[in-house]
Amino acid sequence: MGSSSGLVDWRGRPVNTKKHGGVRASIFIHALVLLSNAANIANILNLVSYLRNEMHMDVARASTMASNFFAALQMFSIPAAFLADSYIKRFYTILIFGPIEILGYILLAVQAHVPSLHPPPCNPGQQTTTCESLHGSNLSLLLLGLYLIPIGDGAARACLPALGGEQFNKSDPVEQRQEASFFNWYTFAVSTGGFVGLVFVVWVENSKGWDIGFVVCALCVLLGMLIWIAGFPFYRNQLPTGSPITRILQVLVAAFKKRRVKLPENPSDLKQINHDEASAIGILHRTQGFHCLDKAAVDTGKTGAWSSCSITQQGNTMDTRLGSIHISPATLFVIPTVFQMVILVVYDRFIVPFLRRITGYVGGVTHLQRIAIGFLSATVATGIAALVEIKRKKVAEDNGLMDATSGVPISVFWLTVQFFLLGIVDVTSFVGLLEFFYSEASMGMKSIGSSIFYCILGVSAWLGSLLIQLANRVTRHSDGTGGWLDGTNLNRGKLDRFYGLLAVLELVSLFIYVFFARRYVYRNDQKVVVDEDNKIPSERAINAI
């Protein structure tokens, strides 16, 4: 096992698996994931506070801008993925775009530090939300800083999962298991970064100043980049294979040209991919779906990429005190983060090996089964959230605090059960979706596969905002008041009903997911690779990380 086909080192030479790739190389990747998420997750959850208190924005505007920032972090992975898969190596894509993220945090730090770049100060006794908010060129500077961050971070989100997957050879029993564990530890690094961000970065921003906080974020990303660059000599790199969008369009055009051509009875008569192309982009075997696209591979005598294609080219009103310590609202997310970190370790080190012996799947269960467990946990968590909200409102009513905006005497740790279930969601659905899109994509579309996963998160953020507005509009009375989520007083609102609605929608979505998942045909075998000499998993593989 001296080399890994189709992969090269930083000098473009075929890799030696004894020197390149493996767990050693993945450690550098995890370091960048951890440190970049320490900055980003802290700001995703604390940005509303900054926009309201420092930039004098109202709740709606601040929340919308924070949601758009989160969505942009996910959606900007698409162009970076396209570049990485088509034209430049994944390593260079991150190297080019990473400094842009650091520049974004520097701009935010400068604006937070210079008073003239803030909105006019409030009058004595005036509430922050009624002050003049940020506008004009200062608003443009804020938006520039915010949206430079997704441009840089998008490259890492798109390329790091794929780059990490490339460090392991699926045909080797040891590295097959290490690849399955890589995505678990990738998510663990995300969670650890979130923990550091919510405990340390949020504290710096709230206690020491937002300028210092943004500088800390820039330093986190810079340190992560430097550690990741230090792994440069150890990485296995996939060479770019040209535009996957072009290959897809070629199939569609060629199939349209031959729409009246009859398919041969023997599939082997269809044009097959040659050996050089197979090693470059990987083979996804022909399936029984979309026979109309098979016509693109029928030989009619015409040549050219747009006339003939190969058959494989189609492919905060609760008591948040802990003793005498007050926990900020953003820091409350430490609870599900800790749950997620613990569950990930238990899952990877104990549950997966146990299930692997029973099912024969390298991940213990299939990707889609793992995702389904997460969807079910999310549904149960939302239902419990509705019940806890009913309990919280009853406590507020019993204590005459229906008009209070805080101080309801019910511990925040009533949220523990749903936070635990949300930890299960991240361990199952988050990792499962990430691994599914990576493993099912062809060799030339691995980064795009990862970016599709993150785009799902971005679109869900926008749909969540739309659902809130829609629910408010439908439930609002004719006099313009009374929507479930109207106003700032949750005690008078109907958040419990909204949670109930979400639970119903999630349950329906789960049934739809199961319907399609049962009919999905995997492109890659998820069974444990066996030692061909002994026909059983090798001893070295059983003891692998």
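Just so you know, the numbers here start at 1 and follow the chain as drawn.
Backbone N, Cα and C define each Cβ position, glycine as well.
If you look up TrEMBL, you'll see 21-45 (among others) marked as transmembrane segment. Taking Cβ pairs closer than 8 Å, the transmembrane segment (21-45) reaches residues 4, 7, 15, 66, 69-70, 73, 94, 101, 105, 149, 153, 156, 160, 163-164, 166-169, 175, 178, 182, 185-186, 188-190, 192-194, 196-198, 200-202, 205, 216-218, 220-221, 223-225, 227-228, 230-231, 234-236, 330, 333, 545 in its own chain, all 6 or more past its ends.
Taken from TrEMBL, the feature transmembrane segment covers 65-84 (among others).
Residues or ranges marked as transmembrane segment by TrEMBL: 91-110 (among others).
Sequence annotations record features per position, and here TrEMBL assigns transmembrane segment to 185-205 (among others). Below 8 angstroms of C-beta separation, residues 26, 29-31, 33-43, 45-46, 50, 160-161, 164, 212-214, 216-217, 220, 328, 330-331, 333-334, 337-338, 340-341, 344-345, 348, 426-427, 430-431, 434 of the same chain, each at least six residues beyond the ends of the transmembrane segment (185-205), sit close to that stretch.
Positions annotated as transmembrane segment by TrEMBL: 212-235 (among others). Residues of the same chain lying 6 or more positions beyond the ends of the transmembrane segment (212-235) and with a Cβ under 8 Å from any Cβ of it are 9-10, 19-21, 24-25, 27-29, 31-36, 38-40, 42-43, 91, 94-95, 98-99, 101-102, 105-106, 108-109, 112, 152, 163, 166-167, 200-201, 204-206.
The transmembrane segment annotation in TrEMBL covers 327-347 (among others).
The annotation transmembrane segment is assigned in TrEMBL to 368-388 (among others). Listed by sequence, the residues of this chain that lie at least six past the ends of the transmembrane segment (368-388) yet keep a Cβ under 8 A from its Cβ atoms are 414-415, 417-418, 421-422, 424-433, 436, 496-497, 499-500, 502-503, 506-507, 509-510, 513-514, 517, 520.
As annotated by TrEMBL, transmembrane segment applies to 408-439 (among others).
Residues or ranges marked as transmembrane segment by TrEMBL: 451-471 (among others).
According to TrEMBL, the feature transmembrane segment maps to 498-517 (among others).
By the count of Cβ pairs under 8 Å, the stretch nearest in packing to the transmembrane segment (451-471) among 65-84, 91-110, 408-439, 498-517 is 65-84. Counting residues 6+ beyond its ends, the transmembrane segment (65-84) has Cβ neighbours under 8 Å at 40, 43-44, 47-48, 51, 57, 90, 93, 97, 146-147, 149-151, 153-155, 157-159, 162, 240, 243-245, 447-448, 450-451, 454-459, 461-462, 464-465 in the same chain.
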